[in-house]
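Copied over from Swiss-Prot:
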{"type": "SIGNAL", "residues": "1-24", "note": "signal peptide"}
{"type": "REPEAT", "residues": "87-127", "note": "repeat 'WD 1'"}
{"type": "REPEAT", "residues": "220-259", "note": "repeat 'WD 2'"}
{"type": "REPEAT", "residues": "323-363", "note": "repeat 'WD 3'"}
{"type": "ACT_SITE", "residues": "Ser542", "note": "active site, charge relay system"}
{"type": "ACT_SITE", "residues": "Asp627", "note": "active site, charge relay system"}
{"type": "ACT_SITE", "residues": "His659", "note": "active site, charge relay system"}
Amino acid sequence: MNKKIFSMMAASIIGSAAMTPSAGTNTGEHLTPELFMTLSRVSEMALSPDGKTAVYAVSFPDVKTNKATRELFTVNLDGSGRKQITDTESNEYAPAWMADGKRIAFMSNEGGSMQLWVMNADGTERRQLSNIEGGITGFLFSPDEKQVLFTKDIKFGKRTKDIYPDLDKATGRIITDLMYKHWDEWVETIPHPFIANATDGMITTGKDIMEGEPYEAPMKPWSGIEDFSWSPDGQNIAYASRKKTGMAYSLSTNSDIYIYNLTSGRTHNISEGMMGYDTYPKFSPDGKSIAWISMERDGYESDLKRLFVADLATGKRTHVNPTFDYNVDMIQWAPDSKGIYFLACKEAETNLWEITLKTGKIRQITQGQHDYADFSVRNDVMLAKRHSFELPDDLYRVNPKNGAAQAVTAENKAILDRLTPIACEKRWMKTTDGGNMLTWVVLPPDFDKNKKYPAILYCQGGPQNTVSQFWSFRWNLRLMAEQGYIVIAPNRHGVPGFGQKWNEQISGDYGGQNMRDYLTAVDEMKKEPYVDGDRIGAVGASYGGFSVYWLAGHHDKRFAAFIAHAGIFNLEMQYATTEEMWFANWDIGGPFWEKDNVVAQRTYATSPHKYVQNWDTPILMIHGELDFRILASQAMAAFDAAQLRGVPSEMLIYPDENHWVLQPQNALLFHRTFFGWLDRWLKK
């Protein structure tokens, strides 16, 4: 298989070059969309109990077959001994070490549905552990490994055939409440947690610890098994859930942390009265405390992520980082229970941090122009996953005391070494309200300041997502620069990582300061002699797509081309057709029919569809019909308006993609269409 050949190539070079995954001989190539689609993708990882070996998953996209295969690998933490331990036509997920360090548990769809499997650490003696009807979506063994918690989807609500059994071939859905759709699916199932004995042979069923409750755990669409935690004694399970349905669910972000006792079968809420989004519970190793991530306000999904710790004996809850103005993510207790490690993004760089609970002292462990995306700690050994604008995900060994990082893997070294390096600059720009805005400027390969280049303004989605050092297989800033463009990527008002005041400014101000920030970034870069001011485009997805539609009606000839992916064209239509109403209420300010709602009416007044009369610049719309967050009719309306206005326009519509573009051939079609459009209008 191709992946096997690639694995052998990678294994031959990692041992000697693990410290510098981008080092090697540059052959002067540039990254094309076709070459980009051959890059492998590192995903889940786990550190062995002795801290010496990592197991991790890698997916290999195949454009020809239009699918990706996922395999598992092990590697020593010095970068040596990399080995592919699975090689099947199925896909393997979520590898986890068993306590003896000799076996690895994982999920595989080898039998058709996703089930729990186990094998030796060298890949031998592969054995299926579960045969759960419909498959599982996640698993977590108890500390003594005698029990396993698994999650699976259960039926939710009544379907048409339940109401009319004689109409078993009818396809219509009878809807009676909100949240009938979510993200990219009709809500006919919800995930529930089950526990089962793991020592009695094949697992075919389990006890639903939320039996009879019509609520999600984990919470869709983002949460997974990380929202569960076993107590060290194996007697309790902590989990996060938003125990609401229908309209109440659509209006509220209020979730809570629950602890289920296996002996009594009782559940109690340890975050009762905390009205925001509570998630990611983790018992301390000594079993005395539990930590979790908490937002303060109901209905605000981008509120500050705070770190809370509760004393399990007294129930006392403590906000342990009250002066920390950055989001806390992916917490893990220190082995001695005296501190907690976490990820936090500060000024568009995501690094590893540690808080000492007794003193409240917070220490930044790692530094640098990159994003850490995951980590695991065993004793004094830390394994982390990291990427940047320039390099995709790889694994690194991090010294938790001084932050020194050594590369463990170099999955795409054979390809990356052939490419001409690119440069990424960090610039601070003064905004029109007197603020300071960090803007990334990504330069093309072989950049020559004496030449003129076309440029692209990258508009971020979210809207409250930092333009950090991300690596995306859709919106990839390196890929844009590799096509000969200067990429301008501002952290405009309304993104985290620069204090909560900066982050919150965008709420109720969609067409306001953040749009002026985009224009500021473009105007500042146009002062550079190497930027061709007549050949600048603006691109973006989701809120970035909204930004593009808005800029199309307000840019005063700054731009020569636009691309909007999954963007909002009509804010009133968006309010009436989206599913998570808490988001629309907080960000927009409320429904459009509240004529005396000043904030809402101000927001609706900035809706891009109200300024189509100003459209005069070529624009490409891209959208997926399975996008239930922002319906594809938004792109259709924008395209029709552009066509009727006589504005050069195209639309790429996917019947089988959601808010993202996930299938390999569709992804390559996205890139070819994207760059074809930009080249057509910006490289004349």
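Glycine too: its Cβ is placed from the backbone N, Cα and C atoms.
For the pair Asp627 (active site, charge relay system) and Ser542 (active site, charge relay system), the Cα-Cα distance reads 10 Å. Sequence-distant neighbours of the repeat 'WD 1' (87-127) (same chain, 6+ residues past either end, Cβ-Cβ under 8 Å): 1, 3-4, 44-50, 53, 55-57, 59, 68-72, 74, 134-141, 143, 145, 148, 150, 203, 225.
Rounded to a whole number, the C-alpha distance linking Ser542 (active site, charge relay system) with His659 (active site, charge relay system) is 8 angstrom. In the predicted model, the repeat 'WD 3' (323-363) shows an average pLDDT of 98. The Cβ of His659 (active site, charge relay system) lies under 8 Å from the Cβ of Trp183, Asp184, Ser542, Ala566, Gly624, Asp627, Arg629, Ile630, each of these being in the same chain and 6 or more residues away along the sequence. Applying DSSP to the repeat 'WD 1' (87-127) sorts its residues as follows: 0 helix, 19 strand, 22 coil.
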